[in-house]
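Chemist: Pasting the relevant annotations from Swiss-Prot:
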type	residues	note
DISULFID	56-64	disulfide bond
DISULFID	92-100	disulfide bond
DISULFID	128-136	disulfide bond
DISULFID	164-172	disulfide bond
DISULFID	200-208	disulfide bond
DISULFID	236-244	disulfide bond
DISULFID	272-280	disulfide bond
REPEAT	29-62	repeat 'TPR 1'
REPEAT	64-98	repeat 'TPR 2'
REPEAT	100-133	repeat 'TPR 3'
REPEAT	134-170	repeat 'TPR 4'
REPEAT	172-205	repeat 'TPR 5'
REPEAT	206-242	repeat 'TPR 6'
REPEAT	244-278	repeat 'TPR 7'
SIGNAL	1-25	signal peptide
């Protein structure tokens with residue numbers, strides 16, 4: 001009898017320890033986010049929401065952000081842009097950079113909140129200050145386009161420089177184009193080429209295409225067909241029609257490479273399919289069907 005009581009008491013202690021351990025685990029916000037991410041990957045969005053809610057209540061910024069994503073996408077909950085904005089705001093207050101950026105997007109487009117360009121700029125600026133490249137690029141784009149603020153190429157250069165420094169490929173390409181044209185900064189072809197090259201390294205196809213053009217024509221560097229071919233080839237691999245067309249043209253004309261009409265035609269075909277009109281035109285001249 002006494003032995004049975006001891007066993008029962010031991011079981012209660014063990015169960016108590018398990019419960020305590022569970023509570024402790026639930027109180028670890030980062031672990032909660034990890035569990036939420038696991039549930040999300042398994043497409044159990046309802047369970048993911050529960051974990052993210054608990055993490056957010058414990059002021060874990062990524063928990064609030066992920067909760068905002070669920071409401072924005074309508075996963076595990078009814079789609080609610082107002083709630084998405086609310087949770088992005090909480091994440092941003094807790095210095096989660098992408099939360100600031102996406103909140104900026106909502107204010108810029110007026111989704112879930114009243115459209116407010118000044119607030120969009122404020123949140124993009126905070127994202128950029130938190131070293132989120134897309135936040136810097138968004139600011140650069142706004143000042144570059146001049147649709148909702150007075151166009152300011154100097155500020156565009158400032159923010160695209162920050163974006164490029166944070167390895168945003170598109171930001172590097174646009175920065176290169178500003179150096180190329182001398183907008184907001186003195187014209188500097190060497191800096192333009194360096195920016196395009198970095199963009200290409202970051203797998204931005206227009207950056208590869210533009211770098212290829214500069215090497216091909218000797219702008220910002222000594223004319224170098226080998227480097228031009230390499231950039232056009234990478235642009236083509238990244239589905240840039242102009243890159244495929246220019247690569248094909250160099251192969252067809254034997255520039256920097258042994259003439260290879262067969263390979264050139266294949267690249268013209270790919271370029272045409274990707275929307276490069278010049279590639280389509282040359283195929284017509286050669287009487288070759290795409």
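Cβ coordinates are placed from backbone N, Cα and C, and glycine is handled just like the others.
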Chemist: So what's near the repeat 'TPR 2' (64-98) in sequence-distant terms, Cβ-Cβ under 8 Å and 6+ beyond its ends?
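Modeler: Residues packing against the repeat 'TPR 2' (64-98) from afar: 33, 36-37, 40, 44-49, 52-53, 55-56, 106, 111-113, 123, 126-127, 130-132, 134-135.
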Chemist: Mean pLDDT for the repeat 'TPR 5' (172-205), as a whole number?
Modeler: 99
Chemist: About how far apart, in whole Å, are the alpha carbons (Cα) of residue 56 (disulfide bond) and residue 208 (disulfide bond)?
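Modeler: If we compare the Cα positions of residue 56 (disulfide bond) and residue 208 (disulfide bond), the gap is 42 Å.
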Chemist: Residue 128 (disulfide bond) has how many other Cβ neighbours within 10 Å of its own Cβ?
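Modeler: Summing over all protein chains shown, residue 128 (disulfide bond) has 25 other Cβ atoms within 10 Å.
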Chemist: Rounded to a whole angstrom, what is the C-alpha distance between residue 92 (disulfide bond) and residue 208 (disulfide bond)?
Modeler: 34
Chemist: Here the disulfide-bonded residues are 172, 244, 280; which one has the lowest number of other Cβ atoms no more than 10 Å from its Cβ?
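Modeler: Per-residue Cβ counts within 10 Å for the disulfide-bonded residues 172, 244, 280 bottom out at 280.
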Chemist: Given the disulfide-bonded residues 100, 164, 208, 236, and counting only Cβ atoms in the protein chains shown, which has the most within 10 Å of its Cβ?
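Modeler: Per the Cβ count, the most surrounded site is 208.
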Chemist: With every protein chain in view, what's the tally of Cβ atoms within 10 Å of the Cβ of residue 56 (disulfide bond), excluding that atom itself?
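Modeler: Excluding its own Cβ, the number within 10 Å is 25.
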Chemist: Given the disulfide-bonded residues 100, 136, 208, 236, tell me which ones have a C-alpha lying within 10 Å of the C-alpha of residue 164 (disulfide bond).
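Modeler: Near residue 164 (disulfide bond) by Cα: 136.
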Chemist: Give me the DSSP three-state residue breakdown of the repeat 'TPR 1' (29-62), ordered helix, strand, coil.
Modeler: 28 helix, 0 strand, 6 coil
Chemist: Test of understanding: give the count of other CB atoms lying within 10 angstroms of the CB of residue 92 (disulfide bond).
Modeler: 26
Chemist: Given the disulfide-bonded residues 136, 172, 200, find the one whose Cα is closest in space to the Cα of residue 272 (disulfide bond).
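Modeler: Checking each of 136, 172, 200 against residue 272 (disulfide bond), the shortest Cα distance is to 200.
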Chemist: Cβ distance under 8 Å to residue 64 (disulfide bond), same chain, sequence separation 6 or more: which residues?
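Modeler: Expected: 52, 55, 56, 87, 88, 90, 91, 94, 96, 99.
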Chemist: Just to verify a number: CA distance, residue 200 (disulfide bond) to residue 136 (disulfide bond), in angstrom, no decimals.
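Modeler: For residue 200 (disulfide bond) versus residue 136 (disulfide bond), the Cα atoms are 19 Å apart.
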